[in-house]
């Protein structure tokens, strides 16, 4: 009886504290957060609508890179012979790429270009001696076939990928090269890649970079890879296309692109001050007045991360790096005198602030924190246009990039909201330059490993320790959203509980590790 009275008293005290703090503290704070989140939502909405309008006009007017810039196929010259072709360096940075090294090296060596006008440079930072030996043997095998291939290693991994690329540019034979094409270890360019990209650089001296689109070979491997395909297709089909066509600027994707070496050097070369060395170089080159071209109909095959662990690490790098770079370069961009005011505004506001910071923060803070919390505080109302209409339109505009996955749009929304937790955390780490700001974990590529091991699934169970499967942050957010949903269903008037239950389930699924592909262990 006494314990029951004590429980009632405790409950009463908690209720009293809630009433006393809600009106003076929580309500004003939540109202401010709603206004801030709505403002960020409008920013994102305007940005998406603007890019959608530009893309429609580009399609209607038929504006293609070949029409916007001079492009003439390289013609054989009897007198000049192969010297009519510029010298091209192909760089392939890799780190313990056991499953894919043969694919990338083979594809690079299969490029159609005069053998005496191309140098393949494999930059191997592998720490596994066995893998290092296999990569070296593969290079020797191609060299025996007459391919000019160089196997380069270094004593340390300073600067990670940026450090390897920078070191690779120091070799004496690079001085004879005019252009450098870069391919990550899982990228497989088609044989005509150079014939389709180099003419842009030859005929247009103001162009520094030609970027190709990514084509995903494993997009159907699991639901997570389908979700990634939807996000990245929008990035390539819309964001890169708009940047290239309107301001001749976009973020270099770090691979499947060709640089003019003189432009790369003028911009200051590779720097390892952030985890997005590719974006860093692109911004610096753009501030020097150089132009970029995106060729959307030229696709290079590559692999999406199919394990949740690999994808989380990749998204941390892709979210933390841009935020950190924005902090480091904002003043430099504002003070620059070589580019127009409109281009500065585009780079600072659209490219960095809205897409790399606002987009991540508003997705998590608004839809996973502020909106759910309003169910406890009926005094704070979120207008329907902000809670329903704007996010619905933004979602539809994002989804048009991958028409074949329109039926998966609900799953994509829930998955993106889950990933926004990590993107938001990484964004703040980048802005504040906190602990993991320069963390670089190479994205794991499975290549054919999964296919080779899939036969073992029937007879062997996947041995994954529970500690590796559990993700406490996701479980914590999932529990909070579930509690909000229960309260809204029982006492609230917002009727958000259906969304809250679905979103909490998505967080629980991710929290218990049931996302992506499991690779059976031996």
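Glycine too: its Cβ is placed from the backbone N, Cα and C atoms.
According to TrEMBL, the feature transmembrane segment maps to 32-61 (among others).
Taken from TrEMBL, the feature domain 'Glycosyltransferase 2-like' applies to 179-371.
Taken from TrEMBL, the feature transmembrane segment applies to 345-367 (among others).
Below 8 angstroms of C-beta separation, residues 41-42, 44-45, 48-49, 51-52, 223-224, 226-227, 229-231, 233-238, 367, 371, 502-503, 505-506 of the same chain, each at least six residues beyond the ends of the transmembrane segment (387-415), sit close to that stretch. Per TrEMBL, the feature transmembrane segment maps to 387-415 (among others).
What TrEMBL lists as transmembrane segment is 470-490 (among others). Long-range contacts of the transmembrane segment (470-490) within the same chain: residues 368, 372-373, 375-376, 418, 421-422, 425, 496-497, 500-501, 503-508, 510-513, each at least 6 residues beyond the stretch ends and with a Cβ under 8 Å from a Cβ of the stretch.
Residues annotated as transmembrane segment in TrEMBL: 496-519 (among others). A Cβ distance under 8 Å defines the sequence-distant neighbours of the transmembrane segment (496-519), meaning residues of its chain 6+ beyond its ends; these are 221-222, 224-225, 305-311, 367-368, 371-372, 374-375, 414-415, 417-418, 421, 446, 449-450, 453, 462, 464, 468-475, 477-479, 481-482, 484-486, 488-489.
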If you average the pLDDT over the domain 'Glycosyltransferase 2-like' (179-371), what number do you get? 95
